[in-house]
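Asks: Annotated substrate binding site per Swiss-Prot: 121, 146, 176, 180, in sequence order. Taken from Swiss-Prot, the feature NAD(+) binding site covers 147-149, 181, 210-215, 233, 268, 289-291, 335, and the record attributes it to sequence analysis.
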């Protein structure tokens, strides 16, 4: 494609996403009028695709100068990146298929604008800021983190006293994790798997590693597709939930012998390792829906393999002698590396939270550390979403409010 064709393709994708994100459209309209980010610079490291572009446009509409890089080497859509880079007050440094050094060079370019506020998905930008660009920290008003993995990293930094800026854990907003993590991941992970493999899910044994909100979504949609779902967990409460939800629950060592499709959703490393590869059924399909490519031990699988070949676009077959293991998108985030990511209507809420939290940081002084999304923002996003769906709900009467705050009424 020519440069112009790329830009036109990106613009078309962005328009489609924009038309299905009514909440952030309302926020953008307010930002355009009020300019709450005027004079501020926002540095971002997110998955550069159409929905993200709508968020970037919204921040720029609010008066910000925005620079963005990718947060995964395989999740950038180059046409959207090119289209973004044509916008006023927006610089995009993301590129699909970049190597590790190029990935961090792009993050460095984002930091070169000396941002006042950061937005991360996985905390790589904040990591770089704290490790190599500490001179920029005094200027930082705060940051936002989009995903579970990034929030875990930030809590670890905070615990060690290493976090030198305030960060709002947008992932922990109810209007984020209850919808984005569950319904978004559930749909988009299977979209990536199905469009890449073109295999039937019904009747197959599907092993879901982890039963957090992402794992719940993946398991729920697998069951809806007719799979026999097996869940593995380390948390006894979540394992019990999975069983009560109707799924088989067992150790991965046992599930590995049964699974035909494996989807990891833990945000942790070494969920599928050499001991599991050696006993998997011939032709097993492996996909990761966690942020980083550490859940499937690709180094171990590569060392076991007698040969590796591409058998379909975005699928590599590892022949380990007596069986073949198929890995989608090199074990990277399957819904974005092999698909278009979460549905626009879900990201509408997640990115509405991001935009409003950026404004909150701009208008308030926060202490260093990890902060929750203000309840008012979370509730406001839910109300706007309901309104966009044409849904009205009840309100408490004064008597009901009194009852809920009192203690004297009993039997």
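Cβ atoms here come from the backbone N, Cα and C positions, even for glycine.
Could you tell me the structural context for the features on the list?
Replies: Sequence-distant neighbours of residue 146 (substrate binding site) (same chain, 6+ apart, CB under 8 A from its CB) are 46, 119, 120, 121, 122, 170, 171, 350, 354.
DSSP assigns residue 233 (NAD(+) binding site) to coil in the three-state reduction, placing it in neither a helix nor a strand. Other Cβ atoms within 10 Å of the Cβ of residue 233 (NAD(+) binding site), summed over all protein chains shown, number 23.
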Asks: Kindly assign residue 214 (NAD(+) binding site) to one of the three DSSP-derived states: helix, strand or coil.
Replies: helix
Asks: If I take the alpha carbons of residue 212 (NAD(+) binding site) and residue 180 (substrate binding site), what is the distance between them in whole Å?
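Replies: Pair distance, Cα basis, whole Å: 12 Å.
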Asks: Within the same chain, and leaving aside 121, 146, 176, 180, name every residue whose CB is within 8 angstroms of the centroid of the CB atoms belonging to the recorded substrate site, in sequence order.
Replies: 147, 170, 171, 181, 350, 353, 354
Asks: Name the residue among the binding-site residues 147, 149, 289 whose Cβ has the smallest number of other Cβ atoms within 10 Å.
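Replies: Taking 147, 149, 289 as the binding-site residues, the minimal 10 Å Cβ count falls on 149.
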Asks: Would you mind reading off the Cα separation of residue 147 (NAD(+) binding site) from residue 180 (substrate binding site), to the nearest angstrom?
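Replies: Cα-Cα distance, residue 147 (NAD(+) binding site) to residue 180 (substrate binding site): 10 Å.
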Asks: Check the Cα distances from residue 180 (substrate binding site) to each of the binding-site residues 210, 214, 291 and keep only the ones within 10 Å.
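Replies: Checking each Cα against residue 180 (substrate binding site), the hits are 214.
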